[in-house]
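Enquirer: What Swiss-Prot shows for this protein is this:
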type    : residues            : note
BINDING : Ala22, Asp23, Asn25 : (2R)-3-phosphoglycerate binding site
Amino acid sequence: AKKSVGDLTKADLEGKRVFVRADLNVPLDKEQKXTD
């Protein structure tokens, strides 16, 4: 089942390997600042 980070507890993670996928594809302005 799909969970968000806020749904996880220590018991969910204890003794397990965790893979975190992060989407860093965000729009940037000409000064390289996130615009949205």
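Just so it is clear, glycine is given a Cβ too, placed from its N, Cα and C backbone atoms.
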Enquirer: Let me check the 10 A CB neighbour count of Asp23 ((2R)-3-phosphoglycerate binding site). How many other CB atoms are there?
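Expert: Summing over all protein chains shown, Asp23 ((2R)-3-phosphoglycerate binding site) has 5 other Cβ atoms within 10 Å.
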Enquirer: Under 8 Å Cβ to Cβ from Ala22 ((2R)-3-phosphoglycerate binding site), same chain, six or more residues apart: give me those in sequence order, or none if nothing qualifies.
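Expert: Result: none.
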Enquirer: Starting from the Cβ of Asn25 ((2R)-3-phosphoglycerate binding site), draw a 10 Å sphere and report how many other Cβ atoms land inside it.
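Expert: By my count, 5.
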Enquirer: Would you list the other residues of this chain near (2R)-3-phosphoglycerate - those whose C-beta lies within 8 angstroms of the C-beta centroid of Ala22, Asp23, Asn25 - in sequence order?
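Expert: The answer, listed by sequence position, is Arg21, Leu24, Val26.
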